[in-house]
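> As listed in TrEMBL for this protein:
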type	residues	note
TRANSMEM	C:12-35	transmembrane segment
TRANSMEM	C:42-58	transmembrane segment
TRANSMEM	C:64-83	transmembrane segment
TRANSMEM	C:95-120	transmembrane segment
TRANSMEM	C:140-160	transmembrane segment
TRANSMEM	C:188-211	transmembrane segment
TRANSMEM	C:223-251	transmembrane segment
TRANSMEM	C:272-294	transmembrane segment
Amino acid sequence: MAEPLLRVEKLVRRFGGIIATDNVSLDVAAGELHAIIGPNGAGKTTLISQLTGHLAPNSGSVSLGGRDITHLPAYRRCALGLARSFQITSLLFDFTAADNVALAAQAHAGTSFRFFANARKEKGLRDAAHAALDRVGLLHRADVVVSRLSHGERRELELAVALASKPKLLLLDEPMAGLGVTESQRMVKLLQELRKEVSIVLVEHDMPAVFALADRITVLVYGRVIASGDPAAIRGNDDVKRAYLGDQHVVTHHV
Amino acid sequence: MKAFTVSKAVTALMLAGLVLLPLYSQASGNIFILTLFTRVVILALAAASLNLIMGYGGMMSFGHAAYLGIGGYAVGILAQEGVGSGFIQFPVAIAASALYALVIGALSLRTRGVYFIMITLAFAQMAYYVASGLARYGGDDGLTVYKRSDFSGLINLGNRVQFYYLCLACLFGVIFLIWRIVNSRFGLVVQGLRSNEQRMQAIGFPAKRYQLVCFVISGMMCGLAGALLANNTDFISPAAMYWTRSGDLMVMVILGGMGALFGPVMGAVVYLLLEEFLSQITEYWALIMGPLLLLIVLFGRGGIMGLLGRFNRG
Amino acid sequence: MLLVVEQFLNGLQFGLLLFLLAAGLTLVFGIMDLVNLAHGSLYMMGAYFAATFAAWTGSFLLGAFLALGATLLLGIVLEVVALKHLYGRDHLDHVLATFGLILFFNEAVRLIWGPAGLALPLPAWLTVPVPILPGIHYPAYRLAIIVVALLVALLLYLGVMRTRVGMLIRAGASNREMIGALGINIKLLYTLVFGLGAALAGLAGLMQAPILTVQIGMGENILILAFVIIVIGGIGSIRGAFLAAIFVGMIDTLGRAFLPNLLRQVLSSTAASTAAPALSSMLIYLLMAIVLVVRPEGLFPANRR
């Protein structure tokens with residue numbers, strides 16, 4: 001079997017006496033869309049934060065393309081091709097949409113220790129920004145300051161920012177959180193397009209979306225992986241039904 | 001230039017006033033006003049350098065006066081040791097400031113927020129005590145600079161008008177540099193870090209490195225102001241880096257409008273003229289100035305530039 | 001030996017005074033999230049009040065008690081009139097507004113008491129040397145400072161750890177919304193906490209007054225020391241402030257006393273006497289730098305996560 005793009009091995013993270021990530025192992029193959037689901041408090045965001053380097057695990061390892069990145073800081077992982085979106089929108093609110101994306105492009109196009117030339121006039125960066133905005137359908141809002149964008153637009157902008165860093169692997173932390181029905185549908189369509197170009201780890205509560213999109217699904221309960229497999233297998237898994245899908249309606253209404 | 005705005009008009013007027021001031025001074029024979037404005041211009045330069053890290057970089061330094069002292073002592077000490085050339089004094093002043101900024105910045109940037117304020121304040125106070133302990137260079141009493149920096153005939157700092165224009169040129173030069181920096185790749189990263197550090201890390205920027213470089217650049221600019229200040233007063237003492245001086249600089253930046261290119265100039269002009277004006281009315285001018293600052297904080301968000309900007313939005 | 005014991009006690013005494021100052025500062029910061037530069041002004045006011053009231057009443061103790069009450073009252077007035085409007089604002093706003101207050105207080109003192117300093121003479125019974133060890137005497141007043149400050153520290157500890165108000169204070173430090181949700185009069189609590197902090201600063205000022213001159217700006221340098229203590233001890237932590245204050249008081253006092261001799265062992269005597277004053281005043285800042293490198297969040301942070 002070929003080396004997976006992302007390999008997580010026996011990851012453990014404790015907060016005081018609570019084990020938020022309990023011996024989690026999972027692989028993401030190149031080109032795959034791998035969904036991580038689980039009830040609230042299952043430790044999904046904690047796991048994502050360890051993958052992106054915002055949180056250090058107590059033990060275990062994370063490797064990207066065969067390279068151990070367990071102890072690299074967030075910005076180095078990003079340089080290696082790992083991009084993320086945040087569950088709670090995290091953007092530069094006093095910058096325009098285009099500036100937000102252009103900065104992500106800038107991080108991956110040469111040094112930023114340039115002090116004199118006007119960066120907003122660098123054609124390469126602007127083109128990359130506009131292309132990424134176009135990709136998520138936000139080009140017409142390029143010059144609007146983020147604080148004036150709607151919630152749905154901000155979620156799309158999060159994606160554009162992640163895309164602009166030309167990642168190998170995209171970690172999406174609940175991209176549909178807080179979106180209305182039509183906005184959610186647009187997001188699913190967008191993800192369907194994106195998955196052709198980039199491998200994706202998707203953390204999401206929206207079950208229909210997950211089952212429509214995912215190649216494989218890993219189910220997390222109380223920080224432990226209780227099942228992992230293709231959507232059909234997960235649907236048929238008794239443990240999952242008992243632990244999770246049985247009260248699916250409860251969970252989805254929590255969001 | 002795009003549209004005409006009130007703030008642009010006021011800024012242009014103020015700059016024109018600064019440029020033409022020596023003419024007025026000579027025509028009216030009012031020498032005092034030129035001396036006063038030389039000080040205003042030098043402190044505006046210091047405030048502009050603080051604005052780079054505070055307004056654009058979000059780094060609230062409460063120890064910026066340390067550079068005034070370091071720049072000033074570089075000139076004073078070299079002059080006392082027989083090195084009178086400005087071509088040596090000024091680069092040394094700037095380099096010494098850079099070195100101090102590098103060390104203090106590397107330490108202070110390990111923390112953030114209010115810690116950063118306290119730590120920069122504490123280190124500046126340390127610099128103050130060190131200067132007070134320099135017995136060879138006057139200790140507490142300070143050091144008289146008997147001869148102004150010598151630029152081998154290129155410019156004569158002993159001449160009031162020439163010196164004023166040198167200071168003004170330095171101010172404009174620094175503001176031009178800041179303008180280029182904040183619109184450059186580097187400047188966008190620094191401003192992005194002010195806005196959302198976590199996001200910037202996530203898209204691949206190591207935050208500290210950029211902030212530290214910005215901190216050092218700002219320190220160098222303020223060191224230049226220090227070198228000019230020592231020449232202006234022919235004297236340098238620990239008082240130049242006393243913490244209230246750092247407070248003054250912060251007030252100028254905020255009064256003028258943080259993150260506005262010409263805000264610190266506006267702030268310095270208004271603050272120092274107000275001080276001058278109040279001290280002519282009463283000996284106890286700080287009795288008015290203190291509560292005034294409180295009121296500005298409570299009611300005057302965005303500073304003068306913000307206020308002028310409001311005229312346009314209606 | 002005699003000198004060592006004496007300097008050691010001096011260090012302890014100075015450290016305890018610093019603690020009184022830092023405790024108020026860190027309480028106010030921890031609970032109201034307010035950075036109060038004018039805390040040093042309250043320290044100064046405590047000293048001026050004490051000198052004035054002692055002169056009026058002719059009694060040191062009575063003067064001290066009146067001064068304590070006066071600073072408490074001044075703190076409450078200050079909070080109600082000015083500072084409470086700053087809660088929830090940016091830290092930078094706090095710095096600026098309270099910087100303005102310092103200007104105001106310094107000038108007000110100059111207007112009322114004049115630019116020259118005041119003296120606060122001690123009563124005779126406090127000036128006698130007290131034997132503490134065989135052959136070693138120590139001034140009664142400095143011993144009294146140590147005892148009073150330790151008592152206050154103990155009361156503060158018991159007050160914060162054991163009483164209902166203390167519980168609210170700790171709850172406030174870790175979770176501001178929670179006390180609001182409990183239906184406690186949060187505004188009153190804040191005013192009281194600020195008053196308490198002011199009284200602590202005033203106490204430190206009035207106790208220090210007989211040792212130093214009472215003068216304008218006396219609160220500013222010591223305020224910066226209090227900041228250093230908070231940085232070293234960890235923000236919002238009373239215990240951290242206590243330990244760091246003792247530590248800083250010791251290092252500063254012992255450094256000034258013994259560093260010149262130590263330097264003379266390694267340097268020529270002229271070089272040593274030049275370097276010693278600068279170096280000894282740098283010591284605590286160097287200590288702060290080391291703490292920042294090793295533990296940027298301070299040695300005893302209040303909320304460990």
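Even glycines carry a Cβ here, placed using N, Cα and C.
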> Among C:12-35, C:95-120, C:140-160, point out the range having the most Cβ pairs under 8 angstroms from the transmembrane segment (C:42-58).
C:95-120
> Which stretch from C:64-83, C:95-120, C:272-294 shares the most C-beta pairs under 8 Å with the transmembrane segment (C:223-251)?
C:272-294
> In terms of Cβ proximity under 8 Å, which residues at least six beyond the ends of the transmembrane segment (C:140-160) contact it?
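Contacts with the transmembrane segment (C:140-160): 9-10, 12-13, 16-17, 19-20, 23, 122, 125-130, 132, 166, 169-170, 200, 203, 207, 210-211, 238-239, 242.
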> Six or more residues out from either end of the transmembrane segment (C:12-35), which same-chain residues have a Cβ under 8 Å from its Cβ atoms?
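Non-local partners: 42-43, 83, 86-88, 91, 94-95, 98, 142, 145-146, 149-150, 152-153, 156, 169, 172-173, 176, 190, 193-194, 196-201, 203-204, 207-208, 222-223, 225-227, 229-230, 233, 235-238, 240-242, 244-250, 252-253, 302.
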